Amino acid sequence: MAGIGPIRQDWEPVVVRKKAPTAAAKKDEKAVNAARRSGAEIETMKKYNAGTNKAASSGTSLNTKRLDDDTESLAHERVSSDLKKNLMQARLDKKLTQAQLAQMINEKPQVIQEYESGKAIPNQQIIGKLERALGTKLRGKK
């Protein structure tokens, strides 16, 4: 234990302070009044359209005219009638239900229903799974 000197106490005072007030706490009425009493400088300003959504909806934007003039119909491509007929025929030839076919390709039965009704947006990956499961070509020439 050589080399260790005498133990000394530190009699310096330790000051523990509260955290500085947050921005929200600085803005409340109580804090502003306390700052006024202490003589601190306070700046107040009125915000224009604060708390309203007038700025976003006032006037017409530049895109409004472009949107009005746009006559192009934007719709997703749907499954072709040939594909849905081929799918239904191949599934019935294999004597499978929609649920069984869906289970074979690890998809929900609703996906098969959408493809057969023509409501589905074509996904080449799913069509490929269907072709492998049914052992027939569904898209393009047979």
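Glycine is no exception: its Cβ is also placed from the backbone N, Cα and C atoms.
Feature list (source: TrEMBL):
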{"type": "COMPBIAS", "residues": "50-64", "note": "compositional bias 'Polar residues'"}
{"type": "DOMAIN", "residues": "87-141", "note": "domain 'HTH cro/C1-type'"}
{"type": "REGION", "residues": "27-73", "note": "region 'Disordered'"}
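In this model, the domain 'HTH cro/C1-type' (87-141) carries an average pLDDT of 93. For the domain 'HTH cro/C1-type' (87-141), the DSSP counts in helix, strand and coil order read 34 helix, 0 strand, 21 coil.
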